[in-house]
Structures are given as C-alpha cells and as structure tokens.
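J.: Pasting in a structure now, in structure tokens, and then I'll have a few things to ask.
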Amino acid sequence: VKPGQFLIAGLFDVHDNYHPITRKLQSINPRSLQRVQSMIYAIDAINNNSNLLPNITLGLYLFDSGGSSQLALTHAIDMIRNDLQKPKANEKMCNCINTAADCNAITNLTDIHMIQQTFNKKIIGVIGPRSSKESIITATLFTTYKMPQISYASTSRTLSDKSRFGSFFRTVPSDTYQAQAIVDIVKYFGWDYIAVVSTNDQYGNQLRAKIVTLASEYQICIAINAQFPSQFHDQIISDIVNRLVNNVKVKTIILICSEAEAKVLLKEAQYQNLTGRMWLGSDAWGNSPVIARTYSDVVIGMIGVTLLQSKQKLNKYHEYLKTLNLCNNNINPWFNEYWYQFMSDNVTDYLKCGQMKNLSNNYSIEFYSKSSLAAYVMDGVYAFAYALHKVLKCNNIFCHSRIIRQEDSLLWRDVTQNLKRVHFNGYTTTQFKFDHMGNSRPKYDIFQLQLTKDSDSNKAESSKHLYFKKIGTWEINETTNSSWFMISENNLSRDHVVSSRCSNDCQPGTRQYITTSKCCWQCLPCLKHQISSKINADTCTSCKRGSKPNNNQTDCVEISPTESKLIDPIPLVVLITTAVSFLLTITTWLIIFKNRSTPIVKASNIALTYTLLFFIGLCHVSPVMFILPKALVGCHYIFPVILLPPANLNIVIINKIRIIVKLFKDKSFSRQVNFWNRDIGQFILIIGEIIIINSLILVITALDPVIIERYVTEDNLVYFRCKTRYELGAYLSMAILLIITTISAYLTYRARHIPARFHEAKYVSLASLLICFFTCIYIPTIIFAHGPVQSTIGAFGMIGLIIGILLCLFTNKIYVILFVPQVNNRQRTIM
C-alpha cells in the first residue's frame, strides 16, 4: 500500500497461472510487472502536479490476481469489505475557502490533521484487471456497490452493457472494433480460407464470434473454428494443432487468447512442427517479445493487432524504468522478487545500491520493453484523478471537500458520474474521453514480426534476430464514425506472407464450380459461346447477338460482317453470267443497229428499241451491286441502282403495250394526226415519264438517306445491310416500282385479245408478265432477305429478267435477220 488521502486500487495479473486448488502462483510476468510500475509512475506524476488535485495526495493499493477470475473476485470482495467496514467517524470535512467562517467544525490544525487521516484508506476506484473474464466477474460486484472500475485491457463487448456494468469503464475499445480490424487485415492480404482459434471464455468466444460473423459477410471461409479451455487441457490443444497441421490449405491462423495461453498452444505447434503458417495475433499477445523469442520458428512473419502505442509520450516513462533498482522501488512489492530470480545466491552484493549494476544492461529486457498497455494504465489513473478533481471541486490552488463526510457509495457514485465527463490530454490520445458505453476511441497499431537487417537468412529460425515492426494502423474516425485502415507496403515484409486459400482464383474465361464450401471450387472453362470477364466469376454469360467470345473467352467482340468476295463461287458465277448477258445485249444492239433499215426493225419504233436496249444494259449494274461488299461500295447508291433500271425498263414496256393496245382497240388511232402517236412523240413521252419517276425516287432517297447497318441473323451471323434511316424512303421507292408494275400488268391484261398473228404484241405482253413476276420476287427479297440470300436472289433475279426480256423481245427479230432474211419484208412484217 502506498499511503494517501485517497487510494486507487490496482488489480494486476503479476504472476502467471494461479492454481485454484493449490493456491500457488507461477513465475512473474515481466510485462504485467511493468504495468504495475506504470500505475506507480502515474500516481507519483499526479502527486507532483500542482494543478491536478492540489493539496491532495493519492495513494495506491495493489493486488495480484494471478490471471484467475476466482482470485480477482476474492480481492474485489476484500476491497469492498475493508472499505465499508472503516469506522463511521463523525468528522466533518470543511469547505475551506481561505477563511474559517465556513468551517465551524474545524477549530485548529489538529482537527484538520484528524480529518485527513480519515481518508488514508479510502479507495475511490479500481484500475484493472487485464482480462475480460476477470473484469466481468469483478465488475458485477463493483457495480452493485457503485464502485468505479477502469480496465486497461479488457475488451469484451459484454462489458459495454451499461445496464449490467454501470460503473465499469475501460481505456481500451471494445472487441467489436478489433474484430473489424482483424477481418480488414485478412481482406487486405486476400486470405479467404482461414482458421480461428480462441479460448473458451468471454474474451475469446465473443471476439471469435464477431470475426466469424464479419468473415461471412466478406465471403471469407472459416475452415477451422476451434476453442480450448482457459484451464489448459493438453489433449484438446493437441487435437486443434493436429487439425491445423493436416489442413495444409489453411495458411492463416487467427489466435485469440492471452499471452500465457498463446504460449501453451504455440509450444504444441512447435512440437508438431506447425511451420510455414501466418499467425494473426489478437491484442493480448500480438506483439509479445517472449513469444517472438521462444517460438520464432513457428511465428516468424506473424502479424499482431495491438492497442495504439504512444512511444513519444512514454519516453520519460521508459527512462524512469531504467532508474529503478532494488533499493528505490520498494513500493512495487514484486519488483525485487522478479530480479532476485536472476541473481546468484549472494544477494547481499546487490543490496549495496551504490555499487549495483544497471539491471537493464545485465538482465532480461522484457521489463523494459515498450508496452502499449502501460499508457492505458496511466490514462486510467489520470481519469480517476480528473474525476476526483471535479468531485472535490478543486481549483488550481486547493480542493474543496464536502461539508459533511459522505458514505463511500455516494463518493463512488459521484466519481462514476464525473468519469463520464472527463477529458484530458492522455498518453494514448491527445483528447482522451470515454464514450457513452464507457469505452475509449478505437485505434490499433498493426505489427509484423520481422528479421532485423543484419540477420542471416540462412541461419536457423531460433538464432535469427527478430523484432516487431509497425506496418499499419486501424482506427475509427470520430466525425464520420467510419473505419480508416492503412498498411505500409514499404514497412511490410512479404517474405513470410502466405496465400491462405482453398482454391486458386478462377481467371477470366472460366467460372467457379463450388465443391465442399463456398471458398473451395474448381475452375471450369466457359462454354464455347460464353465468357466471364472477372476473376472468380460465378457463371459464364452468353454474348449478345452479333458478338462472340474472344480467343480466351474473357470478353465479347463484335462478329465481323460476312461479306462475299468477288472470287467466291456465287459472286464469280454472277459476274460471269452478267458479263455473258451484257455481251448478249451489246451483240443484240449491234445487230439491230446494223439492220436498222430493215422492215422488222423499223416496224418496232427504232427509238424505243434503242431506249429499251439502253435500259437493259443499265440493268447489268444491279447484279454487280448486289454482290459487291457493302462496306466498300456504300449504300448511298444501291437503292437508285437496283430500282431505277427495272423501273425505267418497265416504263418502256408499258408504253409499247399502250401503243399496241391503242392501235387495236382505238379505231381513231392515227399516227399522222397526233404528234404523241408518232415515234418521236412516243420517245419524248417515255423520256419524260422516266425523268419524272427517276426524280421522284432520287428525291425520296435524298430525304430519307440510306445507311449501312449491321444485321444479325438468328444463327448469329452478321451482315451489312442497306436501309433508309426511317425506312420510309425505301418503301416509297419500292411502292413506285410496284405501281408501275401493276399498270404494266393491267395493260397486258387488256392486250390479251390482240390477234395471235401479231407477234410483237405477244412478245411484249410476255415481257411485261416477266417483269411482274420479277417484281413479286425482287421487292420481298430486298425487304426481307439479308446477306448472301439477298445478294444471290437479287443478282440472279435481275440477270434472269435481263435475259428473259432479251429473249422475249429480240429473239424473233435476230432470228429473222440472221437466219431467214427472206421474210424480212414489209408484207411479212406486222408492225
């Protein structure tokens, strides 16, 4: 006990592994011993601070729980009983304000001394314990009596329940945040097949359960989810390690337990040669130098999540530690006990303090290591000091006390209420305060156990120099209440970072086929017509019409349009047939021209005959347009080229039939009387009609321009097709052709009764019918057919029309001219 007007109790697990039956403690834990020292350091610093609790001296009362909930509860009961059983003196505390007017109960300095002595053993609160299991059981008791308690390391989220633990506070965050930090680390390294091992207690179970829940949300599989009792059972631990050894795909192991419990499990891991794994340690042991030194072959490369380390603010504290010796630190009852175990039997030499060697240079450095929890212990002590400062209504000079001395429970209540409102410049953060659940701001450092630069990589793991290097930070932004996570790749050593996955990624072009769990799969290639564009795709998707998978089936690419080449069989046949047809037309024209003075030629109106042959010649352009690649030619001219020649040809045929019909049907018909009935008049009339029809079609095409469009068939074949932008122009142009054809059909019908001996009428009527038949095939082909079908039908249809008209209108004439010239006279020629 360190005497003082107010006491702060400290509950630390100085010794390891208290045995409840034998009631014996094992060796001292040097890191816990340092936490005791940090409380002593904070008490001394407060007592030496004239601005905090002036004229008040704080004392401390230290207890060793041995890491046992049972022993911690025993000490808690002692604290409550001893404090409540103090004599209920009637001394009155005076509200002294530099005058005795308000201090009727105080008559002299002796009375003041007597009042101060009343507070010599007054415990205002408890610092500790470390583990959640101890804090839960002690907080239940302390809350009953409203005694405030501040833990420096208990992180179980159960302790955030203020309905159960109203007087419990902690300078550390809840495990809810630590679980998120651990899962964020797992996500960062891409581990999706891991093991989670914890102790079967409040701390282990709740942190493990939260990690499992978060892992499920992020599609992380827990291949091994195990727990072992706090009171060690060697067989259970051996079985857990054996499972880890046998599951070779689990490379990352999250271990949630205390340092002492981690030692036991890692010792078994070392025995079973569980190496080459990535251990992810919770804050209770994540940067333990003892574990790093003792089990280096197992944990090298491990990553630990620890509470924020404030190294700069602790520099004076660590210098203070090095000033301690066996003579100046008697207030810490376990300090000398710890150092005696390293000394020879001749202890008297070390008791000569003036001749004593520097302990930090001669013995274990664990006591002097920079522990993160020391800062959290000191912030807890300062929180009590600032709360008491408010309760006693202190200013910078003096503290004012109650007029009447209160019961302990009332003082505890007031301290508890003021703890909720304290804020000060702490060791762990510049603005320390408790949130509404009694927790502090969540912020973690992330460490990795790495080789020092001078370590030889060829040495055995046990002989290498290892140290924990800070590689990242995780914290909650107070403003946005969102997490901020960062790992420095420059500080990270990837030499021992493993890949903890059940299956390798399925690359684009394949899909996952889940086997045993959602993280174990086979990679199956996509079907021929399907793709997957992302890693680990659940399914493959079919390409939309007009596209196909690329070579590695990672993306859909547009199918190149199928275009006929001029050397392909069908285009070649079309070109040859067109050439033969054109030669026939030229030959016919030459023969007609050579024999233009003969009766059989003159009888047919030589001007119309030349016009007819001219448009038959122009029709040869249409088959070629059908087979040429549309991307090359463009579609701007295709509709005029394929529509105008047959339309013009039809106009000539219509006029020939009209003249024949009028000759035989109209008795008043006279070529000498009417100009339009003469040859020149008929020619001008035909040219005029052709100009009108051609102009109309060209204007329609200009108003509704033709564009090139990709057309995809049901079989996913792609062709270029020509269409008007609004479809109206093409339909109007074809409607004009259809009207002309209808007129031709009507006149042909009227010419059905012309005498059979009038051969010209018969041939012209046959040509008209041929045009009608062609139009009935031609127009649907242009509208409904696409690709090679359209090109083939359109080209051969036009060639057939050309040859058909040549045969119908000129076969007889050529035959007479060439083979029976004796009948080529006026008497034998009708018309």
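For all residues, glycine too, the Cβ spot is worked out from N, Cα and C.
Checked TrEMBL, it gives:
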| type | residues | note |
| --- | --- | --- |
| DOMAIN | 570-831 | domain 'G-protein coupled receptors family 3 profile' |
| TRANSMEM | 570-593 | transmembrane segment |
| TRANSMEM | 605-625 | transmembrane segment |
| TRANSMEM | 637-661 | transmembrane segment |
| TRANSMEM | 682-708 | transmembrane segment |
| TRANSMEM | 728-749 | transmembrane segment |
| TRANSMEM | 761-783 | transmembrane segment |
| TRANSMEM | 795-820 | transmembrane segment |
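Describe each of these features in terms of where it is and what it packs against.
T.: For the domain 'G-protein coupled receptors family 3 profile' (570-831), the model's pLDDT averages out at 78.
Packing against the transmembrane segment (605-625) from elsewhere in the chain are residues 574-575, 577-578, 581-582, 585-586, 588-589, 592-593, 596, 633, 637-638, 641-642, 644-646, 648-649, 652-653, 655-656, 659, 679-680, 682-683, 686-687, 794-796, 798-799, 801-802, 805-806, 809: each is 6 or more residues past its ends and has a CB under 8 Å from a CB in it.
Beyond the transmembrane segment (728-749), the same-chain residues lying 6 or more positions past its ends with a Cβ under 8 Å from any Cβ of the stretch are 639, 643, 646-647, 650-651, 653-654, 657-658, 661, 693, 696-697, 700-701, 703-706, 765, 768-769, 771-772, 775, 779, 782-783.
For the transmembrane segment (761-783), same-chain residues at least 6 beyond its ends with a Cβ under 8 Å from one of its own Cβ atoms are 642, 646, 649-650, 653-654, 656-657, 660, 664, 730, 734, 737-738, 741, 744-745, 747-748, 751-752, 754, 789-790, 793-794, 797-798, 800-801, 804-805, 808-809, 812.
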J.: Excluding the flanking five residues on each side, which residues at least 6 beyond the ends of the transmembrane segment (682-708) place their CB within less than 8 Å of a CB in that stretch?
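T.: Here the qualifying positions are 605, 607-608, 611, 630-631, 634-636, 638-640, 643-644, 647-648, 651-652, 655, 659, 676, 720-730, 732-733, 736, 740.
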J.: Which residues, given as numbers and ranges, are at least 6 beyond the ends of the transmembrane segment (570-593) yet have a Cβ under 8 Å from it?
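T.: Residues 564, 601, 609-610, 613, 616-617, 620, 623-624, 626-627, 788, 791-792, 795-796, 799, 802-803, 806, 810, 813-814, 817-818.
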